[in-house]
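**Student:** Supplied in structure tokens, the structure appears directly below.
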Amino acid sequence: MEREIVSIDAGWWVVSEEHKIWLPAGELPHGDAASLGLAGSSGSRIGEWQGEAVWLIRGSRPDDMGSLRQLLDRDSALFRLAGRGIQLAEFFRSHQWCGYCGHKMHNSRTEWACLCHHCRQRYYPQIAPCIIVAIRRGAEILLAQHTRHRNGIYTVLAGFVEVGETLEQTVAREVMEESSIKVKNLRYVTSQPWPFPQSLMVAFMADYDDGEISIDRKELIDAGWYRYDALPLLPPAGTVARRLIEDTVALCRAQEENGER
């Protein structure tokens with residue numbers, strides 16, 4: 001999997017360490033290893049984009065180390081591949097020693113895994129499933145400002161799946177815990193790898209069923225029902241939250257134009 005990068009290796013380059021990524025001029029570097037000063041590094045091919053290889057090099061550069069969020073408005077396939085590189089880099093960084101016996105780990109030569117030659121344990125990259133749900137009530141959508149978002153953005157509700165839960169149970173629990181309402185008519189929409197740090201966002205739409213909004217102030221600053229044509233500041237394009245909101249707005253508009261509720 002990992003080998004020495006030679007001068008003629010070319011394509012797109014994910015250079016990552018501690019959740020940061022090398023973004024000279026705000027872009028994912030593209031070109032051959034020689035011109036980018038990457039020849040001689042250890043690297044792995046992690047995918048392909050626009051017919052060219054995407055490479056991962058685990059490490060940092062003196063300048064221009066930034067956040068993957070800077071690529072949110074780029075092609076979604078490129079964003080996912082860059083996110084894959086960041087997650088793999090962090091996985092290998094955090095699995096240098098075996099959690100069972102404490103001996104040094106070795107990277108597998110055939111798959112994305114770390115191996116312990118002493119106790120034979122095998123570790124794979126962990127992914128944390130997370131639900132995210134847009135809730136509609138007539139021509140309104142439930143939006144909330146989270147405590148972790150101090151930029152005024154309002155978004156839909158989300159939360160991590162707990163041990164032993166189904167995705168449907170997680171939706172019901174998270175919505176109740178954060179807003180004190182019940183939902184019905186749950187529909188799967190899409191999913192999005194979200195490497196902040198290693199989530200898989202599983203997106204749903206749902207309809208309001210019962211209850212009055214009462215927020216968990218450890219999680220939310222504010223929450224309310226907003227008409228589809230009078231929305232607050234929203235998450236950026238490229239996020240699954242924005243996709244859910246836009247899909248709900250389209251549904252609200254279509255049903256209102258048809259005289260439905």
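Any Cβ shown, glycine's included, is placed from N, Cα and C.
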**Student:** Looking at Swiss-Prot, A158, E178 are annotated for divalent metal cation 1. Which of E111, E212, E219 sits in that same site?
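**Tutor:** Divalent metal cation 1 site check in Swiss-Prot: besides A158, E178, the record includes E219 out of E111, E212, E219.
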**Student:** Of the candidates A33, A34, A237, A241, which does Swiss-Prot annotate as part of the substrate site that also includes R69, E111, Y124, Q192, P193, W194, P195, F196, P197, Q198, S199?
**Tutor:** A241
**Student:** Pick out which of the binding-site residues C101, C116, C119, A158 has the most other Cβ atoms within 10 Å of its own Cβ.
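**Tutor:** Neighbour-count leader: A158.
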**Student:** Out of C101, C116, E174, E178, point to the one nearest Y124 (substrate binding site) in space (Cα versus Cα); all of them are binding-site residues in the record.
**Tutor:** C116
**Student:** Tell me the coarse DSSP state (helix, strand, coil) of E174 (divalent metal cation 2 binding site).
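**Tutor:** Note: E174 (divalent metal cation 2 binding site) is helical by DSSP.
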**Student:** Given the binding-site residues P195, P197, which one is most crowded in terms of C-beta atoms within 10 angstroms?
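**Tutor:** Checking each of P195, P197, the winner is P195.
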